[in-house]
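Enquirer: I am attaching a structure below and will ask some questions about it afterwards.
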């Protein structure tokens, strides 16, 4: 045949077309599963959110001077507030199936408040605990105004308008992958429990559905319940069998199922209420430092919102919806400050990963999980039983959930032109700095006991050290800046993937915009093909 190249083979594989919505989600936002299944799935979300709700108070309350009773009350309060905020977010905020729980982002600033010299003159440890708690409450109340103003005023909507799939990939990816320190290092604290949990949850969720083809999605959808119950029983048998009787105290705390001290300390029934620790106190420096932590949490939650919408099979979020979700997250931080949870609130990354594992993005499931949080926070003794799950079991689940969220960010690369050198630079440079800069800050802090910025003003140190210690924050900011300042022309717009998302932004102000991000629909019915 003269001229031209050889024709393509008929059976040559074609590239996978981009998908605005993940096609294999069993239940999307507005299509709930049957009630029995929804209740079990909601209970799984409750088990997952327990990790943050228990680990953060367990770490902070003893440093504040509180004992097991105070720790149990703070955990109850954190769970109660998480349930309340999750309901508010799902009903009035972004209306995504996003769990709003405690955040590790606020921990460094909280520790800085705990170490403040003005509390050292209090000899009574319980009184010291209450004074520190009131100071944390005051700083959280002030810090909440940042997200409330940015969200409800629409200022964050204007920021979100310039997001593209290219600038979102580093942010979402490192929201998940950046939490690697809470994964296997936590498993290794008691490897004889954590490693079996990790292996079992992967086997049950990924292999069992293909070995036993029941057609009912039992193993992949309820892998968390199956694996946690089995390994929890195994850990209890090791405990009562005396396997840890002569081990080091740190090993016993991590491995034993009877060392949390929560069951004995928790009250039978207790309803958390605002100002339960007394009237909040306010310090300007601490408020500014907590405000910066709130801004870091805002950026990270923007990535988490994108991951949740992706795994709930929603269409890309309109900026107005994202801004409204941020505003209600600010309300969540305000409620955390009023109740005294020792921690601020943000979108739970681990629960976003659970959406991917179960392939159920139903809003009703997350609302049911909020009901479990509130119920077990009031019935303290019963909730303390589940809160006593050994931390390595939770860390093993984190390995799976954080990996799913990080992969959700990478999946957005399908909208970008990976053959473009501009794309390669923005992606590679932002991800590298997102890993490298926090590594320097964290290493410096571990060696010297303080961050690279070390002045006499603790609040100023936190304002600089906290954001640069967050992988997602650094990567997201670098990618956003580069993507919007480097040369742009008509071809670059497609290289960035902007043409995919701009379709949905043309509906701002339209009453149908809620439908367009929350309901699966046939794109060709509303838009011409790209």
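Cβ atoms are placed via backbone N, Cα and C, with glycine included.
According to TrEMBL:
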- 9-19: compositional bias 'Basic and acidic residues' (COMPBIAS)
- 1-25: region 'Disordered' (REGION)
- 43-62: transmembrane segment (TRANSMEM)
- 74-92: transmembrane segment (TRANSMEM)
- 98-117: transmembrane segment (TRANSMEM)
- 138-156: transmembrane segment (TRANSMEM)
- 224-244: transmembrane segment (TRANSMEM)
- 287-306: transmembrane segment (TRANSMEM)
- 365-387: transmembrane segment (TRANSMEM)
- 393-413: transmembrane segment (TRANSMEM)
- 425-441: transmembrane segment (TRANSMEM)
Enquirer: Any chance the transmembrane segment (393-413) and the transmembrane segment (74-92) are in contact, meaning at least three CB pairs closer than 8 A with a sequence separation of 6+?
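Expert: These two segments do not touch.
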Enquirer: Which range out of 43-62, 138-156, 365-387, 425-441 gives the transmembrane segment (287-306) the most CB pairs under 8 Å?
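Expert: Answer, by Cβ pair count: 138-156.
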Enquirer: Which one, 98-117, 138-156, 425-441, has the most C-beta pairs under 8 Å toward the transmembrane segment (43-62)?
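Expert: Ranking 98-117, 138-156, 425-441 by Cβ pairs under 8 Å to the transmembrane segment (43-62) puts 98-117 first.
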Enquirer: With a Cβ cut-off under 8 Å, give me the same-chain residues at least six positions beyond the ends of the transmembrane segment (425-441) that come close to it.
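Expert: Same-chain residues near the transmembrane segment (425-441) but 6 or more away: 166-167, 169-170, 173-174, 178, 413, 416, 451-452, 465, 468-472, 474-476, 478-479, 482-483, 486.
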